[in-house]
Amino acid sequence: MASMWAPEHSAEAHSNLSSTTDDCGSVSVAFPITMMVTGFVGNALAMLLVSRSYRRRESKRKKSFLLCIGWLALTDLVGQLLTSPVVILVYLSQRRWEQLDPSGRLCTFFGLTMTVFGLSSLLVASAMAVERALAIRAPHWYASHMKTRATPVLLGVWLSVLAFALLPVLGVGRYSVQWPGTWCFISTGPAGNETDPAREPGSVAFASAFACLGLLALVVTFACNLATIKALVSRCRAKAAVSQSSAQWGRITTETAIQLMGIMCVLSVCWSPLLIMMLKMIFNQMSVEQCKTQMGKEKECNSFLIAVRLASLNQILDPWVYLLLRKILLRKFCQIRDHTNYASSSTSLPCPGSSALMWSDQLER
């Protein structure tokens with residue numbers, strides 16, 4: 001998703017901009033710039049760490065997991081680079097979108113890009129959660145049956161989402177300029193006199209499909225992560241009863257459970273408001289486009305804008321919850337442990353070269 005930190009007073013909402021509004025607009029442009037730079041740095045760091053770890057790994061399963069994380073970071077990074085500059089350009093121009101894009105092709109490209117990179121990120125995260133749950137809950141079945149390489153699966157997900165996002169180009173669904181006029185996305189309903197009644201059923205179906213697919217991906221991710229946490233706790237208790245390294249297993253389980261809960265919190269906070277609000281607007285036969293022509297829609301329009309802002313944060317937070325924070329916190333923990341000599345070498349958690357895959361080495365035993 002793009003960095004949609006739009007100002008509350010846009011050129012489209014107010015055609016007669018005063019100097020004060022211009023000043024506000026120039027200040028507001030700092031938001032999308034900050035979002036783009038922050039997302040670029042985080043995802044670039046994640047890709048660098050994944051690349052270094054990938055070259056050191058010999059296990060195909062671990063390489064597949066690293067490839068999924070790298071693909072997710074690349075997806076978020078490319079999505080930002082394709083959309084954020086357009087938003088910044090609209091901010092700085094202080095002109096209506098229709099003046100910058102009279103043909104509507106840029107709007108279609110923008111909406112398609114947001115759909116592809118937003119939905120593909122959700123589906124890739126869901127696929128990673130499924131693989132993680134199978135590897136932990138049924139390791140022997142997973143090792144003997146899961147022979148598919150990660151690359152074809154990731155390409156299949158991306159191409160499927162691309163085919164879905166191209167439906168509005170074929171006449172099923174519609175991408176339109178969204179309030180306050182600085183971005184384009186899926187139309188959820190009628191837009192006053194501008195809407196073609198013949199295309200409205202297709203728009204509703206397409207928007208509903210996007211929201212339902214996104215919510216389904218969230219549900220699958222939540223269910224698989226909870227199943228993984230439950231399996232980790234059960235295995236930790238079993239290991240503690242027969243092994244002397246119960247402290248090590250406790251640390252591994254706690255750290256992994258915290259990371260998985262962090263992933264669930266980030267996904268729910270970032271995506272649930274937008275997807276649920278889209279379904280609500282479809283049910284109420286409302287579209288954000290109506291904010292340009294109808295009074296009394298300020299509350300709904302502001303709520304939808306906040307929901308899109310939250311969704312845009314997912315691109316920035318993804319590399320941190322999946323990789324960067326785990327590596328940083330683990331190193332900090334090891335530094336504290338080494339400083340206090342808390343654990344002996346026989347039960348200490350391995351620190352050199354630790355990464356998001358550290359726990360998988362232990363769980364295979």
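In case you wondered, yes, glycine gets a Cβ from its N, Cα and C as well.
In Swiss-Prot, G104 does not share a side of the membrane with A150; the two are on opposite sides. According to Swiss-Prot, the cysteine that forms a disulfide bond with C184, out of C107, C224, C236, is C107. Ranked by Cβ pairs under 8 Å to the transmembrane segment (204-229), the stretches 31-55, 109-130, 260-283, 304-325 are led by 260-283. Contact between the transmembrane segment (31-55) and the transmembrane segment (152-173) is not supported, since fewer than 3 Cβ pairs fall under 8 Å when only residues 6 or more apart in sequence are counted. Long-range contacts of the transmembrane segment (260-283) within the same chain, counting only residues at least 6 positions beyond its ends with a Cβ under 8 Å from a Cβ of the stretch, are 122, 125, 129, 186, 188-189, 204, 207-208, 210-212, 214-215, 218, 221-222, 225, 228-229, 300, 303-304, 306-308, 310-311, 313-314, 317-318, 321-322, 325. Note: the topological domain 'Cytoplasmic' (131-151) comprises 16 helix, 0 strand, 5 coil (DSSP; helix = H, G, I, strand = E, B).
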